[in-house]
Structure formats: C-alpha cells, structure tokens
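Taken from TrEMBL as is:
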COMPBIAS  289-304  compositional bias 'Polar residues'
DOMAIN    14-58  domain 'DUF6533'
REGION    265-304  region 'Disordered'
TRANSMEM  48-69  transmembrane segment
TRANSMEM  81-102  transmembrane segment
TRANSMEM  114-136  transmembrane segment
TRANSMEM  161-183  transmembrane segment
TRANSMEM  204-224  transmembrane segment
C-alpha cells in the first residue's frame, strides 16, 4: 500500500516537473518571436490576454511543485496551496479559451455569432468556477505523512464534480470547433486566403491536443488511484498556455512575412469597422481579410 502510494506520488511529481520543463523550453524557443511581434505592439485585448496566458504558469507551477515536494505539510498548508494552484490553472485556461473565442468571432464577423460566443463564454466559465469551487471544498488531505512520501496526499474528494468540470470544457471546445467548421464552410470554402489555412490548422491542433488531455483527465478521475487523480491538471494548464500563445505568434509571424507595403494578400491581423465619421476602429486583432476588403480599409495593417 505504502509502496504504491510512493510510486504514484513520484509519478505525479515527475509529470509536474515535465510540465515545467515544457513551459521553460517553449518560452526559450519563442521568446525572440514574442519580443519582435508582441512587445512593441500597442496594448489591445489580445495582447493583454496573451501576456496573462503566457506568464500565469510562472505563478502556479512553483505552487504546484511545492504541493508535491514539501515534507510534513499541515492540512491547512495543503489545502491553501492546492486551492491556489488549482484556481490559477483554471484561470489560465479561461484566458487561453478567451483567445480561442476571439479568434472564432474574428472569423465569423457576425453580430449574432459574436453574441452567442459571449454568452457561451460567460455561461461556461461561470459554471466551471462554481462547480470547481464546490470540488475544492470537498478535497481532504491526510493529516500525517506516509513513510517518506513528500507532499500533500488527497484521500477524499467528490470526483463527480471534477468530471462535470472536464465535461463542460470538452463540450465547450467541441461547440467552438463545430462553429468554426460551419463558418469555414459557409463563408470561406472558396477563399484562397493563406491566413485562413493557418487559422484552421492551428485551431484543429489546439482542439485535438487539449481534448486529448481533458479526456485523459476524465479517465484518471474515473479509474485512477487517488494519488493520480490530478496528474494531468498541470499539463492541461501548461498546454493551454503554450498552444494559445503559439497560435497568436504564428498568426502574427505569418502576417509579417506575407504583408507587403502595398497590399496584404489576406494577411491582415485586424478586424476593422468604420465608425460614423468614416474612421477605422479596431474590433479584433485576430481576423483574416481577403485582399479586396483589406485594400478598401485604410489603416488596417498597423500592428495591434
């Protein structure tokens, strides 16, 4: 019993350490793009979301590692550390999802779809926070240390609530993919815009990767031992950060390489509308445009 607990606890910590290594490696690989494509841009909602999504793992990764590595922890320390890291992970996932929702809204360029996306985002994440808060209250940790096992060991919690959270995440991401497919079929199936290919390729990769990790979380929650129930929580948070930020960098990098001083050939990264005075205002900086609409809008090629 103790030997298995030691093995499971170590495996869980190895996964957390691997997640931290993935985050650091990704940061080192993409920081040059971030400097050239993000830092000098004017502040916008996408830039704010990018910065939060990019750096929030710096907050929860140390706490998550601390939860699993401290010796002789008290129940109070375990509860506080676990709740802090968990809520930060959920918040990071919410921010990454916001980037995905903005991306779909930029593709749609439809007020009706935009309203639906706003309502879905608010409803989904309000439900996630509500259910997850109930789950955190149900988590109980052992008041003593087993052998030489470091860290906090949960022994009781309501796994059904965690299943509901993961189910909501998968359902929301599935709906987003279906909406994206519908938009692509109805609006862009005959378009030769190269940036649209980037939009859809990144979107599919984003969904498949995160859905796989979420399903893995569901499997561990249903069939895994208590020590492994939360093993994929940190990787899921890190992947949300890595993939959402890479999606933005990829779009901006593609647009920078394709754009020319005279026309955009479908690589504008803004969705611009005109106000009553004929001036261009920014609605989103993650929207592809076809060449004709880009040429008709002045000022739409500036960085956001």
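Cβ atoms here come from the backbone N, Cα and C positions, even for glycine.
All TrEMBL annotations are machine predictions without curation.
Highest Cβ contact count with the transmembrane segment (48-69) among the listed stretches 81-102, 114-136, 161-183, 204-224 falls to 81-102 (criterion: pairs under 8 Å).
Broken down with DSSP, the domain 'DUF6533' (14-58) shows 39 helix, 0 strand, 6 coil.
Packing against the transmembrane segment (161-183) from elsewhere in the chain are residues 93, 97, 100-101, 104, 107-108, 113, 116-117, 120, 124, 127-128, 131-132, 134-135, 138, 200, 203-204, 207, 210-211, 214-215, 217-218, 221-222, 229: each is 6 or more residues past its ends and has a CB under 8 Å from a CB in it.
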